[in-house]
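J.: Reproduced below are the annotations present in TrEMBL:
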DOMAIN    121-279  domain 'Peptidase M12A'
BINDING   H214, H218, H224  Zn(2+) binding site
ACT_SITE  E215  active site
Amino acid sequence: MVGRGEKSEPKALTGEHAAASPFYDFTTTGLFYVLYEHKALRGVNLDDRLQRLRNLASRKTGRPIIPTTIETVIGPIIDGVGSIIDMNRLEGVDEYMLEADINLTEEQLEHLEATVDSSARRKRQGSRTEMKWTNNKVFYYFDPSISTEIRRLVAKATFYISSRTCVDFDENAAAPNRVLIYDGGACNSFVGMIGGEQPMSLAGGCNAMGIVAHEFTHALGVWHMQMRNDRDQFITVDLTNVPPQSQFNYDKLTAADIVNYTPYEYGSMMHYDTRSLVH
């Protein structure tokens, strides 16, 4: 993926394991143990979630999706979206998320499924699936699993966001709507306020201010930059080397689903890098 007039990187925006049953003996493998311990996925039928996301890919490409094998990512994890994707892939949770780090509510997943079908798109065109935080204030608190370093980065990231927006952050475990920050072995969040307590996973490997700010910005209701409905005016998405099962992650939101408050920003912390999801 490149900006207009820029030299292209080779091929892409450039970025199976067995499905885990919710009743599986997760202690038998590290992967299943991670999924079991992942608060964001508790209460979710993992077989169903994985299959529905694969169905999105299959309906998008028009051909069945063949499960892939787990890939080992070699090299340093850097500060950026690429490091989020790599880390979540290593932990085995990326396939259960949209775009590797977005956890979906049932309503959001249903909406994505509906918009793949053109007839359903007409019915659901006006639907919005993320809620804004009341009075522009986000409440959060820490699970005991969170390290001192991540707590420091949360303070830094929330200050960074609040100093540039009208949003305030308050550490409050008793607020009716709040974010639970915990170590789920990966970096991911819901988009917007979903009501009640919503988990945000910030594992030890998420120890970069840009990553923490990225996940908090998701919690504010912001999707990835390249999901904007106007993105084709600014970038070229080359899916040649993106596996078919991952290509739906580059779908755009419709104008009815997103409000673009700012100009398109190539350097946004919410933007995929040039090789995200490329294999």
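Including glycine, each Cβ sits where the backbone N, Cα and C put it.
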J.: Give me the non-local Cβ neighbours of E215 (active site): same chain, 6+ apart in sequence, Cβ-Cβ under 8 Å, ordered along the sequence.
T.: D101, C187, N188, S189, M200, S201, L202, C206
J.: Return the residues near H218 (Zn(2+) binding site) by Cβ distance under 8 Å, restricted to its own chain and a separation of at least 6 in sequence.
T.: D101, I102, S189, F190, V191
